[in-house]
Each structure stands twice: as structure tokens, then as C-alpha cells.
């Protein structure tokens, strides 16, 4: 069973009940109001968290205690925290109620202080309340946290009146909730959910002493008295009453009894606590007379004299009476379980209905059979027997039913629960109106009566209008309404009575139109034409010229053009007659249809005549195909002639289009009309064939396109070649070299033409010394050096006379022609220049070149010199045998090649390069090596104990390389299996130890050079027998040598410069015995477990590698060596440089 917890913060005790049993009133059939205490236990996870926190109460050494203060006085609460195990100051918070943080309330009436005593290492936190007020009373909480540690403490503050007696208190004003102050203020006031009503004036009642009523009343009557006299703060009233009735008789069995009542939310947890006078008494708990047994729902705890009952997951069935017995005595209490607020889960929806229909407004709430209230425009709906409103409940559904809806029912309806509300609008419309007899159009003679009559389905009034204006009754005009029939009677019809009449029933958006026509002489209405009665039509379109006419009887219309009458029929040009118009129709207008047309109207009332001018306009003809007169790299110039026919309207301008020849998509080049007959298209792709065409534009539109122009290709020559230089000169030739042009273009590059001319043959004059401008030479004086175009950028001009001076230029040629020439900056003398020879020995040949027997030797030695030098090779001063060694020479290098090297090829090779009288020599040492021969003689010098002393002589043949060591092997005479004893041994004598006594051994020795071991080994002729019997060998006694040595650096650190981003290393060497411990430091701080550094120590050499250093890694680095005999340090500086990008 868990440890009992402290009484909940929000548990408020109620006065003890009087001796009367409240169950008697229950039996009488009444529902008494109960004394209760509000218990709001945090459910689930929050409670578990608080229980866990209470178990970690390890921070407070002194907790604040509850207290009592009078109004206007001061009080201080103190909390202390031990700081021995804390590295920093803990965090403390003061709360009032559950969540009100008092840190933001500090000021005139509240001060928070904190101090720290260094000797005792105790933090003291104080909360001082200055000039306390009534609303300061309540439950307070202090919380302290440090990292993962937490501690909390709750305490109560009671504020008493400083003076006065209880009967003088206005209890009804003191305990009305204001919604401010304590944490439970306004908690029981549900007036915010009720509709605001007008305050009714009540008759003044005589003054009543409510305290006396409460003191003498039963606890079951407290709530009744509180609501009767307007007391809403029931909890505060019970607290005050409890303090007034403290002189209660104490029980012999209970030192502290149950509170009169408890309240808890549904699903919450409640705790009942009693304190026994004698802890040995047996306690039993009962619910409604039934004994409670321990379970997961009911948990019993014992804490000293306290007996505690926990009820988990409280439900509505737990709302009942509980009592506890101890011996012959018992104490009881009431538990009230408060249901959660009812929420609206499905909102009301706006509804539209017709008058007389049944309307249903439906919503859903979170609980079945919940109590909800309906409102209409804020007024509560109370259904009754005579009311048209009914309310139906189906589980969670609540439906408001309105029978026979009227326009008065259109309003905003809302539903309200304890936890939410919803509203919707109801619109009630009239029934659709049916037209039984509509109005009809009428034609009347002048002076006759006009009667407009209609019949509708409803007996409602209406309004008459003529041409949108209300009809005014007069002696001649009467409006008649009889039941569903409406009439408009006009006597003695006049011409102005003609028009559109409309009847509109009231309250409906319905109109009944009718036209009245009064007979009149024929008229031709030409208001829709121009001032000169001209009609313009586009050729190819259909002309339908409708001329409004009037007259009664309808006049006969006759159309004519000149002397030719136009008849009705199916021809291209025809007329059509209608009661109110006559129409001239031309199906496909042509240019020849232009002219003056006449219309004649005739009826019994008279005649009318009119003339109309018809003008037929057309698109212009397409222009003639344009001509491209000039072409550039990305542009051209084009011209064209205007079209022969402008379509009867002046040409406004032209549109130009172009396309690639291989494409079918035309692209417009101008969006503003081109007024001229010439245009320059730009931004074309060089080397691509194009076509262009023209559109003519007049006021009617755009003509058809002209025929495309002949295809043309924008091309441009390349830029001149660049960097023309002299590559070489001989007595009869000049070799020139150049670079390709910077800009080649779409026409590409077909090749180059190299030209030259002799100095003095013309008036050659150089414009500048850089050769960028042309020489002042006639074109016929230049000689083409290459008959055909050349692709390479190097060419040799041959057949030149010696000592002549020539000018040279080069041109780039493509499909557009030859580019501007590139000139050499000065005349060239045709005479070969002697260049002294020079041998470029490769670096690896400046030392002895070593190869093994059988490997190939291939050495390339470059040289310089002009004209081509003469080369001579010698080996050790003698001519080289070309049958064994191949020599190949070129203009720039010589190659010595030996396919399969032999030891006889070793020696000194001399190379001589000669140009005219200039000579250059160089030497190369070649060493061909092979495996050595075996040692000459191997002897056994001495045998003693388990040891054998061997000596041998070096081999006669060292393989043309120095002997680097020997390998010694031994073999037992029985098995003759050879085992290596010593490898890479440098001396010619050795002692073989740890041989097996009683065995007989043979020994052999291999020679070794840089090629490897000798193929054969020399074996001892005689064997060495390790005798079993012999003298006992006694090891001589030597004094132990002291190898201890303090650390000493044999190679110091040096100052180093490193490049940022490249690994850097610091090296030093140290000696000492015992082996010293190495520690690296940067700026006097030891480097430990840093991934940017790696430390190595091998055979006394200490290395610190800094991976990809940055300027931050610069500084002073120190290597420290420590052993038992001493400590030594050495420093250096590292600077990291950043290479600018």
C-alpha cells in the first residue's frame, strides 16, 4: 500500500453536521442540499506526476507553514533549501491556487526575497504579504527545482477581520462571487450561461440575520438558505460558518472526523481522512450502509493515527453517503460527483422553408438525454400544450419542431448546454405564385379601348407600370382588382398609350409583361445609322441591314438600287419583310455591291421613303515578294513594293515575318506597324538559311502573306589569326606558327593561306611595330606560300634565297571569304641561326643507374642545338658495340636501349653533342647487378655446452653489389631439415646457441646483397656434436648495470609553418629509462581525446599530427616527458597560413 499523501490543496472542509441524520429527509421523499467540500484531484498522468514529485522531496530542509493574519497586517512565509550538493542556485516559484504564478504579482502588497548563507550553505526564500486583504486568503504552493530534482509544498493562508462581530457582516454581499481574487472565484457561478433578463423591481423585504438562520439550520438546508438570500459563494460561506462553530463536541474515538461533504469531478480521485484518538481501534468504511472492501477502486492507507480511504475514477454511482466506524462511534460525509459540461458535437444548420410547412432544427450533444435549452432571438422557448413549438429528444439528438411555419417564425434559433452553444437562422418564404392567365400583347386602333387582363393563384394586390413607370389612374385609365383577377382599362386609345405594360404582384418577384400597339402611318426608323445613312461592310461577310418600320396595317416595303428593284427570294441580294422591320440581305458582299439603296413603305395611312449608302471594304492584296539586298553575319536588308489593291482603305503599315528554310514556323519580327517599304531584320543565326515575307495592313485587317523571298544565309568572315610567330629559320626555309582566330563564326574555318613578299621589291612600309595594321603593299606583290588551304597552324616556306628578308602574313578562309590578314611584326632574315648544344640530363640519371641482370635499359637524354648536332657515345672511353647496345638519335633527344642487361654492360657512358665548333659532354654511370655467390669456406671453430662458434669467408663474387648480410641455417643430421637461425647477419662469425644436447648438427651460410640471397649456400664439412657429458658450465657473476636515466630530448621541436587545410606534424625524440610518459600540450593545456590530433611514439620518436589545421590551431605547442627520475619539456611555435583563393 503506498504512503499516504498530504491533503489535497483544493480540499475545503465544511462544518460538521448536527446530530440529526440526513437520511430521514431522504426517506420523506425530499432531495436535501448537502454540505460539501470541493475536491478537484488531477486525474491520470497529472496525479501520477505529483505522486512522483512528492517522493523526491529531498530539497526542502524547512517548508513554509500555513498561517492566519488579520486584515491590514503583514505575514511572511519562509522556505529553506540545503545547497551542499548543488552546483548552482535552485529555481523556486510561488503559486496561489493551481496556476497563478506570484512572480508577476510582486509589488505593493507582495515581495519575494532570497538570501544565501555561505557558512551553512543554505538558501532562504521568503514571500512577504503586506497589508493583507480578504481576497488574499486561500491555498498557496511553493515549488523548487534543480535539474531533475523537484520538491513542492502547499500551505494555507486565512485572513480574519480585524474588528467587528459576526452579526454585523453583510453575508449576502460578502459571499457574492466577483470573478476575481481567489482561485475558486466564480467557480460555482453558472449565471454566464443564462439569458440576461430585465431586472424586476421587488418589494423590500425585512432585514434578516442570515448567520442566525445558518447556525440554527440543518446542514441539509444550507444550500436552500444560500440561494434564497442570494449567496453564490457557497464555499466561502461554509468556511466562515465552520470558523464560527469551532466549539463542537469532540469525539472519544475520533481526534479528527470527516468533513461534512466532498465534491469531485467525474473520473477524478477523492481522499477521505479521519484521525483516531486510539490507533489500536479497528476502522471500517461504509457506502450507503454497505461495507467497502479494498480493491483497485477503493484503497486504504494507514499513517500513524490517520486512516485514509482513496476512491479512484469516481463515477455518478459513487455520488452517495459514506461513513466510517471506530468502535461504537461513527462519522459520515457526503460525496458529490460533478458531471463534465455538456458539449454541442453537431451544430445547428441554417434552414429555409415555406409558409405553412413543418420545420425541424436538429443538433447533437456529447451525452445522452442531456438537459438543453432552446432560444429564439435570445428568448427562451418554453414548449406547452398550446405552443406551436415541440422538442423531441432521441439519445444525443435534440430536435426543435415548428408546426405550420409563418413569416413571424423567421429568426435566429440557438441551443445552449452547460458547456457550449450553437445557433442557426431560419428563413420562411412565401409559396410560389402561379400565373393562371397571363397578359397578352394588344394592337388597337386609335380611339379604341385597351383592356389588359390577367389572373394569378393568390388574392393579393399588385402594381401596374408602363415602360418602367407607375401607372396613374385617371378618367381615361382605370385599374380593377377583383379577387384573383386584375385588369387595366384604357378608354379612347391614343398614340402615347403604346408601350410595354407590366403587372407585378406584391410580395413576389414576378412580373407579367404585355405590349400595346396603336395603329400609326408608316415610318422608317434610321436612328441606328450614321448621319449620312452609310453602312460599311467587309467583303466576303454577310450584310443584314435591318431597318425598323412602323404602321398599321403593316406597310409594304420595296427596296431598289438605281432602276433595279430588289425582290424577296433566295438570291444573293434579297429582302426580308417583318411586321416591325424590313431587312436588306447580301449573303457574300463583293466590291461591286457598293452603292445607294432605296426603301419605300406604303399602307393605307400613307407612304415613307429613305436612301441608304452601302460601302463594301476588303483586306488589301498581298505585297510582292520582298527582295534581300544586303546580308551580314546576323542581319540583312530587305525591300518590297506596296500591294496593287488597298481594299478600299488606306494601307496603315506592314508586318514582317521570317523563318528558317528547314522550318515551317514563321516568327513575326515587328509588333508595331512598319510604315516604310524597307526593313532590317536582326538577331539571326549565322550560317542558317532564312526566308522572309510581308503582310499589308489596313483598317479592315491584315492581307494574306506575300510570297517568301529567295532563301539567304547570314554569314561573316572570321577574325584574323592570332600570335603569328617564327618557329624556325634555315638557309632556304622559314617555318611560321600561329593560333586560330578568336572568332570563327557559323561559316566555320576551311583553312589558312600563308603569303610572303621580299623586302625591297615594293614600297613596303610598316604601320606599327606590333604588326596589327596592314603593310602598304600591292596585292600582286604578295606570294602565296601554300597552293591549297592548310588545316594546321604551322607551315614551312621553302625555296627562299639565303640572306634575303621577307614579310609574312596569314589569312583565315571560310565560306564567306578570307579574313583580315595577320602580319608578322618585322622582316625575317633567311639565314639559319647557330644554337650552342646543351644536354639536359634527367635527375634520376645524375646518380648511378642500377638495374638487375635480364632487365631492359631504356634511357632518354634530351638535348638542344641548331643546326642538328652530331652525337657520339662511348663506354669507358671506347666505342660502343652497337650489336649489344642500340642507340637512336633524333633532333631533340638520344636514346640508349639494352633489351636484356648483362653485368658486362656496367660502366661509364659518355655522350658528346657537337654543333659546329661548340661541344657539350655528359656522363652516365650504369650498374648491372646480380645475386652474389656463396661464402667461400664455413668452419666450426668451437663447440661447448649447447653452443657452436662458426666462421666463414666472404664470397668471391659479390654480384656487382655490396654484400649486405648473411643467413645462417642449421640441420639435424638425422632429418637434414634446414631451419633458419639468423637472418641479415653482417659479420663473418657467429655463435649458435640453444642447441639440443645429444644431437649432431650441420650448418650452412647464404650470402645476401640488394638483389637477394645467393642461389647456393656453403655447408660445413664436419658436423658439431652436442655432447651429453661435460663440465658444468657456470655463468660468471656480473654486477647489474644501472640503465636508469632521467628523460632527455635528443631532437628538439622546431618552429613550424603550416598551410591551412593540409595536415601538419611536429616531431621530436626523447630518451629515458624507465620509458617516459609523453604528454602534448597546446598553450599550456593538455591535448586529450581531441579527434583533430593524433599522437604517435615509436622507438623514442614522438609525433603530433594536426589534421587539416586552421588559423585557430596556431599557438605554442609543448611536449612533456615524465618518468620516476624527472620531468623535461620542450616547446615550439606553430603558425597556420591561409592561401588566398
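Using the three backbone atoms N, Cα and C, a Cβ is placed for every residue, glycine included.
As recorded in Swiss-Prot, the features of this protein are as follows:
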- 1-10: compositional bias 'Basic and acidic residues' (COMPBIAS)
- 72-144: domain 'Ig-like C2-type 1' (DOMAIN)
- 251-340: domain 'Ig-like C2-type 2' (DOMAIN)
- 341-431: domain 'Ig-like C2-type 3' (DOMAIN)
- 432-520: domain 'Ig-like C2-type 4' (DOMAIN)
- 522-619: domain 'Ig-like C2-type 5' (DOMAIN)
- 622-721: domain 'Fibronectin type-III 1' (DOMAIN)
- 722-833: domain 'Fibronectin type-III 2' (DOMAIN)
- 837-931: domain 'Ig-like C2-type 6' (DOMAIN)
- 934-1029: domain 'Fibronectin type-III 3' (DOMAIN)
- 1047-1141: domain 'Ig-like C2-type 7' (DOMAIN)
- 406: phosphothreonine (MOD_RES)
- 611: phosphoserine (MOD_RES)
- 798: phosphothreonine (MOD_RES)
- 823: phosphotyrosine (MOD_RES)
- 1-51: region 'Disordered' (REGION)
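Sequence-distant contacts (6 or more apart, same chain, Cβ under 8 Å) of residue 406 (phosphothreonine) comprise 355, 356, 428. Note on the domain 'Ig-like C2-type 2' (251-340): its mean pLDDT in the predicted model is 88. Residue 798 (phosphothreonine) has a Cβ environment of 11 other Cβ atoms inside 10 Å. Counting every protein chain shown, the number of other Cβ atoms lying within 10 Å of the Cβ of residue 823 (phosphotyrosine) is 23. Neighbour density for residue 611 (phosphoserine): within 10 A of its CB lie 10 other CB atoms from the protein chains shown. Remark: secondary structure over the domain 'Fibronectin type-III 1' (622-721) totals 0 helix, 32 strand, 68 coil, with classes taken from DSSP.
Secondary structure from DSSP puts residue 611 (phosphoserine) in a beta strand. Put simply, residue 611 (phosphoserine) is 97 Å from residue 798 (phosphothreonine) when counted between their Cα atoms.
Across the fold, the C-alpha of residue 611 (phosphoserine) and the C-alpha of the residue listed as 'phosphotyrosine' stand 85 Å from each other.
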